[in-house]
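**Q** Take this structure first; my questions come after.
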Amino acid sequence: MHFVEAYTDDQQRLIFAGAKILLLLLTAASVHRSLSPPNPSVKSEECCSGTAGTDTLFERVVQSITYCSKCMVWLGAVCDIACIIGRLFLLPAWTNGFGWIGHVTEDAREHIPTMMLIGATLATFAAGLRIWCFNALGPFFTFEITIRPKHRLITHGPYAWVRHPSYTGVYLTLAGATLVLAAPGSWTAACAVRTIPGALAVLFWAAKCTFAFRGMVVRLRAEDAVLRDTFGAQWEDYAARVPNKFVPGLL
């Protein structure tokens with residue numbers, strides 16, 4: 001960002017601080033929107049059962065996982081913003097993290113890591129993709145595997161390109177959030193991992209994401225099976241026209 005070289009050191013610090021705060025807020029808001037169900041949760045008796053993959057631990061805790069993910073991203077973003085503001089206005093209590101956040105060096109605060117830019121871009125794109133999926137499925141989009149009354153096989157919007165675009169959105173959401181929170185100079189990378197609670201939180205995030213990724217692989221197979229049983233030849237024709245699950249022409 002050579003355009004900032006025309007500004008004084010204080011002005012440059014203010015520009016970079018403001019940009020990082022915006023990226024953090026954008027990432028947290030994107031994650032929140034992506035992982036918030038667009039429709040009310042369905043009752044357990046309305047969920048599909050009897051098909052492999054529809055009665056797993058992941059299915060029982062999926063709402064808790066998404067809620068936990070949103071809380072952790074907001075916590076990381078708020079703590080990072082607190083450190084940025086504390087460093088900007090020379091507030092030692094904030095910069096040192098209220099006794100446990102830790103200390104972030106000056107050099108780490110005077111640039112925007114490429115890792116953060118990529119992560120924020122991924123999270124924002126993922127939110128847009130998820131919203132597109134929400135709108136395409138309308139009342140049929142739930143965080144549980146269900147066949148709603150008067151259910152229709154949706155093949156337009158993002159579903160005209162891949163069969164499971166909402167899962168692509170989740171993968172990109174979690175990947176983007178991870179890149180932003182783990183970027184060099186971030187609160188998580190510079191401070192949290194140096195404490196036992198912070199290190200445990202990072203390990204929990206990694207384990208949670210791994211569990212979610214595996215759970216979604218099992219779930220999408222179950223979804224395909226349920227849709228095949230429900231719509232028969234209509235689904236078979238759709239699957240033949242749209243063979244990819246996540247990325248057009250690749251996956």
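Using N, Cα and C of the backbone, Cβ positions are placed for all residues, glycine too.
Summarising the annotation, TrEMBL assigns transmembrane segment to 12-31, 73-94, 114-147, 168-190, 196-213.
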**Q** Please identify the stretch among 12-31, 114-147, 196-213 with the greatest number of Cβ pairs below 8 Å relative to the transmembrane segment (168-190).
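**A** The stretch I would name here is 114-147.
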**Q** Can you name the far-off residues of the same chain, 6+ from the ends of the transmembrane segment (196-213), with a Cβ under 8 Å from a Cβ of it?
**A** 58, 65, 68-69, 72, 100, 170-171, 174, 178, 188
